[in-house]
Amino acid sequence: MSETAKKVIVGMSGGVDSSVSAWLLQQQGYQVEGLFMKNWEEDDGEEYCTAAADLADAQAVCDKLGIELHTVNFAAEYWNNVFELFLAEYKAGRTPNPDILCNKEIKFKAFLEFAAEDLGADYIATGHYVRRADVDGKSRLLRGLDSNKDQSYFLYTLSHEQIAQSLFPVGELEKPQVRKIAEDLGLVTAKKKDSTGICFIGERKFREFLGRYLPAQPGKIITVDGDEIGEHQGLMYHTLGQRKGLGIGGTKEGTEEPWYVVDKDVENNILVVAQGHEHPRLMSVGLIAQQLHWVDREPFTGTMRCTVKTRYRQTDIPCTVKALDDDRIEVIFDEPVAAVTPGQSAVFYNGEVCLGGGIIEQRLPLPV
């Protein structure tokens, strides 16, 4: 069997990126089929309608391209392996990134296994803006060509074996090119806006949604000087560096500068705020990360120079990484960084190559 005759199952979301991915693979000679994943049991009419519309769009694209669309329900896997951990992290006062966990447990585990075992796939494909390259017998994860859309931050948990079984057709393109292809093909997804919100759950009102599963616990908002200036409705609704939604204005003691969350005292249910986006309490000189995943699956020892992102769309930060033990590292930034948030991921790069990353366990504050 030639390489181009191999079977690829494309994860069809009902969006433009997966739609164009399917067409690109057809042009490359692959045998292409689609798979629509249902990963959440809708509990309200609006959400049901959104999921139904996405499935209808995915079906319309597959019909247009002349490919078969399969469907599968991964709701149980999503609940057990993604959502329960997501809730536990919020309950502990941390700010998790469910999209990263969703990619790890659903798109590149449950989907990959289902496609290979049940559908006979040689590869899976997704509409992620990343690239792969084979170096020294291992598949590497590279940033997407479109730096504005690069999604390697969300895929750092993939192993080189998973990357070797995955294709990322739009990773070699820029977003406007993808939309142009969809328009030229007359695909219904050509002008569909990009999805946002929690992975697979959609654009819900986050506060209301989280409140269904975790009871809110109101508490004090205090300044770094210890003055009580307001009440929060639950620490889980707030993250370090947050400015909007605090419900506090200027105070007699403060200036007119906006307030930012600089700390969360989980034990006492207190939200700590300060004025100014570069307040010293908001700055970190480094971090400790755990739950490490390296793409090449080689254990990291010693030290290395590289760059790091502590959140999506952040400019790369030059840093020095030092191994503390098998599953913990210390990262020291060249310059202090604002709003390093426990629970989020620190993802490391060597140029275009994504090396891997880990969960931020703690930030190393600026010495005072």
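Here the Cβ of each residue, glycine as well, is placed from N, Cα and C on the backbone.
Residues near Gly15 (ATP binding site) in space but far in sequence (CB under 8 A, at least 6 apart, same chain), listed by position: Asp54, Asp57, Gly127, Thr189, Lys192, Asp194, Ser195. Per Swiss-Prot, the feature ATP binding site maps to Gly11, Met12, Ser13, Gly14, Gly15, Val16, Asp17, Ser18, Met37, Gly127; the stated evidence is sequence analysis.
Of all Cβ atoms in the shown protein chains, 23 besides its own fall within 10 Å of the Cβ of Cys102 (disulfide bond). A helical conformation is recorded for Cys102 (disulfide bond) in the three-state DSSP classification. Taken from Swiss-Prot, the feature disulfide bond covers Cys102-Cys199, and the record attributes it to sequence analysis.
Annotated active site, nucleophile per Swiss-Prot: Cys102, in sequence order.
Listed in sequence order, Asp17, Gly144, Gln151, Phe154, Leu155, Phe168, Val170, Gly171 are the same-chain residues six or more apart from His128 (site 'Interaction with tRNA') with CB atoms under 8 A from its CB. Residues or ranges marked as site 'Interaction with tRNA' in Swiss-Prot (evidence: sequence analysis): His128 (among others).
Residues or ranges marked as active site, cysteine persulfide intermediate by Swiss-Prot: Cys199.
Within 10 Å of the C-beta atom of Gln344 (site 'Interaction with tRNA') sit 24 other C-beta atoms, taking all shown protein chains into account. Secondary structure from DSSP puts Gln344 (site 'Interaction with tRNA') in coil. Positions annotated as site 'Interaction with tRNA' by Swiss-Prot, on the basis of sequence analysis: Gln344 (among others).
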C-alpha spacing of Gln344 (site 'Interaction with tRNA') relative to Ser13 (ATP binding site), in angstrom: 25
Cα distance (Å, whole number) from Met37 (ATP binding site) to Cys102 (disulfide bond): 12
Inter-residue C-alpha distance, Gln344 (site 'Interaction with tRNA') and Gly11 (ATP binding site) (nearest angstrom): 26
